[in-house]
Amino acid sequence: MKNSLIVALDFANKQEVHQFLEPFGNEQLFVKVGMELFYQEGPSIVYELKEKNHQVFLDLKLHDIPNTVGSAMRGLAKLGVDLVNVHAAGGKDMMMAALEGLEVGTPAGFVRPKCIAVTQLTSTSEEQMNREQLINVSLEQSVLHYASLANSAGLDGVVCSSHEASIIREQVGADFLTVTPGIRLASDEVQDQKRVATPEFARGAGVSAIVVGRSITRAEDSVQSYHQYKQAWEGVLK
Ligand SMILES: O=C(O)c1cc(=O)[nH]c(=O)n1[C@@H]1O[C@H](COP(=O)(O)O)[C@@H](O)[C@H]1O
């Protein structure tokens, strides 16, 4: 999990996923299945990816009453995914229920999927958070608060931007995972993201894993783009 580059498979269907993965051959990736793909293909896409030995982050961002989230997680634990997430805004009881659901649902002999909480989406700016959510603290304080709440609920870590990762490591703990989307090379389009950072910045901030989507999946040469990101993230000089 630590030091992973997670590729967001934000595709409309399996065929697009196959097309994307084909040029990677037997390379084992850490991939993210989000709402777009899961709502169309369901568990079968997860089984397929796991069969090919890819690690899977099932990013469904659960956010509902504790009972509903707990029951949903009980089912998701049976899919054999490595990582799942919830929205920290759902509250501590909801996060505890999520974790309990995962523990109960994980088949005997299998490892419970890790569970992380989305703090403030990387598409949210401080100004937007203040104005739209009526949260009148700094964005960093809000993210740190959610991270502490997630930690107190027993979760394994959070989704945040790379800009908040080092303070979370300092104040919540170095073992608490920070998974950061909003990753762009300096030459990339920012698109709908607000709190972006380069892979090098993420590495310097001690981020546990970065998530990269369109810059790789929509690149002309996705394999080349993947390796460019990986190299920047791992700090390996050619
Ligand atoms: O939970 C996530 O994965 C997530 C949280 C967040 O705050 N921001 C965020 O961008 N994501 C996901 O990370 C991916 C980022 O994709 P790109 O912006 O294309 O690199 C998308 O699949 C988002 O759904």
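From the backbone N, Cα and C atoms, a Cβ is placed for every residue, glycine too.
TrEMBL: automatically predicted annotations, no manual curation.
What TrEMBL annotates here:
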DOMAIN    4-229  domain 'Orotidine 5'-phosphate decarboxylase'
BINDING   Asp10, Lys32, 59-68, Thr122, Arg184, Gln193, 213-214  substrate binding site
ACT_SITE  Lys61  active site, proton donor
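Location within the structure of each feature annotated in TrEMBL.
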residue	record	Cβ within 10 Å
Asp10	substrate binding site	17
Leu60	substrate binding site	17
Lys61	active site, proton donor	15
His63	substrate binding site	17
Pro66	substrate binding site	18
Thr122	substrate binding site	24
Gly213	substrate binding site	19
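Each residue contributes its Cα atom, and for Thr122 (substrate binding site) and Lys61 (active site, proton donor) those atoms are 14 Å apart.
Confidence in the domain 'Orotidine 5'-phosphate decarboxylase' (4-229), given as mean pLDDT, stands at 98. Among the binding-site residues Leu60, His63, Pro66, no residue has its Cβ under 6 Å from any atom of ligand 1. Lys61 (active site, proton donor) sits 14 Å from Asp10 (substrate binding site), taking the Cα positions as reference. DSSP gives Pro66 (substrate binding site) a helix state.
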